[in-house]
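Before any comments, here is the structure.
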Amino acid sequence: MKRLVVIAAALAFSLALIATLLELPAATIDLRPAVAENLAASGVAHPVTAVLLNYRGYDTLLEIAVLLLALFGILALGLERQVCTLRAAERPLQLLARLASPLMVVVAVYLLWAGAWRPGGAFQAGAVLAAAAVLLHLTELLPGWLQPSARLRWGLAGGFLLFLGVATAMLARGALLEYPPAHAGALILLIEAGLTFSLGLILAGLFLFMTCDEGGD
Amino acid sequence: MTSGLLFAIVGVLLFTMGGAGVLLLDHLLRRILAFNLMGSGAFLVLVGLAQRHDVADPVPQAMVLTGIVVAVAATALALALARRLHALTGRMELPEADDD
């Protein structure tokens with residue numbers, strides 16, 4: 001009964017929404033000209049990176065804070081230390097992982113650098129770094145993480161703190177996160193490098209803190 | 001019909017499928033996956049609608065990029081909570097309310 005009601009309601013909802021989409025009038029606000037006009041002053045040549053790191057820097061700052069908060073939540077829940085024996089990874093697999101992971105680091109750096117003028121940027125680069133860490137863990141070359149050490153804590157929070165530091169430093173000249181056009185490119189690259197490093201650690205931590213550690217304490 | 005509009009319509013379908021899944025499925029892992037499906041549908045609607053006249057708009061794309069990362073973090077937190085529940089009670093379903 002409940003199933004039928006929910007399915008009927010979902011169908012009706014999607015039909016109504018699609019009917020609305022088909023007759024939607026043109027948007028009254030068009031932000032594309034505003035983005036294109038200010039692109040020269042933003043420090044980067046790719047509009048999405050300009051929106052992320054310059055025009056809407058607030059969102060990105062809060063986003064990395066949310067990521068950090070999710071990781072804190074996971075750590076606060078307590079990690080149950082169940083020892084489970086993963087099947088020993090095979091030699092060729094380990095060899096491939098060893099070959100792939102340095103390449104993935106290079107790809108991450110390239111994505112970070114390319115973000116200035118084409119699709120790419122800190123989040124994509126961080127995701128590739130985290131994927132490299134997960135790959136190394138799944139092939140048993142990198143053990144799961146126990147409690148975060150002091151160094152790891154600084155690494156996890158470093159990107160956010162760097163971003164916050166740059167944002168506050170801009171207060172002295174006017175507004176939060178308002179970069180001077182002459183240095184905007186360098187500042188964005190600095191922030192993105194910090195974000196990439198921390199994001200890679202945070203995203204890897206979301207996996208590596210939760211995974212069961214083989215023969216752990 | 002432009003491809004952007006088609007993306008938005010597929011996004012609506014994904015969103016409602018995910019919504020129905022959240023309401024109907026009891027297993028927490030499936031429910032988390034259904035919730036992710038809802039999120040992906042919403043992202044597809046945002047990006048698709050913004051380029052329904054075949055010109056991409058960078059602002060919604062940047063917003064969706066932010067949203068994807070937040071969704072990943074929320075999913076990880078949800079999975080950690082579900083794992084905790086499994087460790088404490090041995091079940092992957094939420095307890096039924098008595099007055100249901």
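Glycine residues also receive a Cβ, built from the backbone N, Cα and C atoms like all the rest.
What you see is a predicted model, and the numbers here were worked out from it, not measured in a lab.
Annotated features, as they stand in TrEMBL:
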- A:61-79: transmembrane segment (TRANSMEM)
- A:93-191: domain 'Na+/H+ antiporter MnhB subunit-related protein' (DOMAIN)
- A:99-116: transmembrane segment (TRANSMEM)
- A:122-142: transmembrane segment (TRANSMEM)
- A:154-172: transmembrane segment (TRANSMEM)
- A:184-209: transmembrane segment (TRANSMEM)
Close approaches to the transmembrane segment (A:184-209) from elsewhere in its chain (Cβ under 8 angstroms; 6 or more beyond its ends): 41-44, 49, 53-54, 60, 64, 67-68, 70-71, 74-75, 79, 108, 112, 115-116, 121-123, 125-130, 132-134, 137, 142, 144-145, 148, 152, 155-160, 162-163, 166
Tertiary contacts of the transmembrane segment (A:99-116) (same chain, 6+ residues out, Cβ under 8 Å): 44-46, 49, 122, 124-126, 128-129, 131-132, 135-136, 185, 188-189, 192-193, 196, 200
Spatial neighbours of the transmembrane segment (A:61-79) far in sequence, C-beta under 8 Å, 6+ residues away: 146, 148, 156-157, 159-160, 163-164, 167, 177, 195, 198-199, 202-203, 205-206, 209-210
For the transmembrane segment (A:122-142), distant same-chain residues with Cβ under 8 A (at least six beyond the ends): 53, 86, 88-89, 93-94, 96-98, 100-101, 104-105, 107-109, 111-112, 115, 191-193, 195-204, 206-208, 211, 214
The domain 'Na+/H+ antiporter MnhB subunit-related protein' (A:93-191), counted residue by residue under DSSP: helix, strand, coil: 71 helix, 0 strand, 28 coil
